[in-house]
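Below you'll find the structure, written out as structure tokens, and then a few comments.
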Amino acid sequence: MKYDKSLIVLFIIQICEGFSFYGLGAILTLFMTQFLNLSLSFAFLVYGTYFGLVYIATLFGGYLSDKYIRSRCLINAGIILMGLGFIVLSYSASLANPLVQTHSYFYFNTPEIMLIISLMSIILGEGLLRVNISSTVKQVYEDNEKKVESAFTLLIMALNIGAVSSAIILGLTIGEGNLSLYKYGFLILAVSLFIGIIIYNLFRNKYLVNSKGEIVGIKPSIKLESVMDNAEEKLTKQERNHVKAIIIILSISLIFFIGFEVIDSSLMFFAKDYVANTIPFVPFRISPEIIKFIEPFGVIIFSPFILTYFNLKDGDENESLIFRIMLGIIVLLVTYAVFFIPCMMADNNMTDVSIIFIIIMELIRSTSEILILPIGLSIVSKLSPAKYLSRLLGLFYCSLAGAYVVSGYMAGFYPNAESMAHKLFGLIQINDFKIFASVFIVMYLALFTATYISRNKIRDLME
């Protein structure tokens, strides 16, 4: 694939978005517990609600883009709202009262009110930004589906570059326990967004154009569609089939990301309790917090190789997309199979499980994300009727929100004294780590089997 200047502009904007969005994710829980003195359980609740609402907000952003407001305006509005949210957070970080006792609900004091306002601003801004960046990709490369798929893969890579970069820079800026420095951390996140908005507005008219040289994002999708067809006409049979295929892909993605996120939320606790954080034969220690960034690092490393391989591969395009989805499910299944080994060790009361297992597992998991996430976005953008493009992309992100909710419930059965008092879905008693891992192994065997059996039906709907 030729890396044209359109993609470079979008790539830089995605790095800025990933830097700010995932940078906040890395320090939000610590900020709430150490600075605002919220209890850990309540901080996790706020954290999960925040991430879930971000993905739900993309549906609103998609609706506005399809019906009323041009996407370039929504991208600018999204970046500004997020930047303002981080500035408010920075100010709230200078107002905390260390005498406030730990509490499991909001006191609605000034710092907490500012936290709520800032998170609402960031949620709305991210909802406007992310879905309209995705729709811009489709509009720029509308005549080349291969480029759409490749562009989404590289933009997922850009998000992860931003995530890893923010972890390093915020770690150096804030350090451990330096509460007075949080305000500078939030300001850094705001600055990254304003760099993004400057780059976007400098180059959008020149480089964000389609194959005909037309500037994209200057009209709502429904107006673009009405140039060729009446926007009020009902969907054709082919379009209805495409929407059915999208719904099936969304369902597969939802189930996939449940187990994907369960590992993300529970692995740090497993590492703290059972993993020796020294790498064999290397005088280097990995803290449990750093483990969280092995997976995005793997995305950065492996994305170009996977992208190159599938770009060189010939054959039916729809069949290739379905194959990649099935391969992604298998890779996540292998991830849990590898996880099963340290789970057995933990059940035998071993507290020095080699961190090599965790590194291998996270690198394998990163390849599953590369195989599934950009393909899901590519299929939705390819099959969506033009007047519903942004809304259906928003619906894809909503499926991720659903995965966050269900994964939060299932991660709550991470084996400990509290979780053993309940049954998963009222049916499965999870008494040890082997059972915990086995639930997901069976789950993804079933998902792969169902996808394999229905692959021809999905392909026919995509025609």
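From the backbone N, Cα and C atoms, a Cβ is placed for every residue, glycine too.
Just so you know, TrEMBL annotations never went through curation; they're auto-generated.
Worth saying up front: this structure is predicted, and the values here are computed from it rather than measured.
Features of the protein shown, as given by TrEMBL:
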type	residues	note
DOMAIN	1-208	domain 'Major facilitator superfamily (MFS) profile'
TRANSMEM	7-32	transmembrane segment
TRANSMEM	38-61	transmembrane segment
TRANSMEM	73-93	transmembrane segment
TRANSMEM	113-131	transmembrane segment
TRANSMEM	152-175	transmembrane segment
TRANSMEM	181-203	transmembrane segment
TRANSMEM	245-270	transmembrane segment
TRANSMEM	290-310	transmembrane segment
TRANSMEM	322-341	transmembrane segment
TRANSMEM	353-380	transmembrane segment
TRANSMEM	392-415	transmembrane segment
TRANSMEM	435-453	transmembrane segment
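Long-range neighbours of the transmembrane segment (353-380) within the same chain, counting only residues 6 or more positions beyond its ends whose Cβ lies under 8 Å from a Cβ of the stretch, are 134, 145, 148-149, 152-153, 155-157, 245-246, 249-250, 253, 256-257, 260, 263, 267, 271, 274-280, 286, 291, 294-299, 301-303, 306, 321, 324-325, 327-329, 331-332, 334-335, 338-339, 341-342, 345-346, 392-393, 395-396, 462. In this chain, the transmembrane segment (322-341) touches the transmembrane segment (245-270); three or more CB pairs sit within less than 8 A of each other, excluding pairs fewer than 6 residues apart.
Between the transmembrane segment (392-415) and the transmembrane segment (113-131) there are 3 or more Cβ pairs closer than 8 Å, counting only residues 6 or more apart in sequence, so the two stretches are in contact. Residues 252, 255-256, 258-259, 262, 322, 325-326, 329-330, 332-333, 336-337, 339-340, 343, 410, 413-415, 424, 428-429 of the same chain sit 6 or more residues outside the transmembrane segment (435-453) yet have a Cβ under 8 Å from a Cβ within it.
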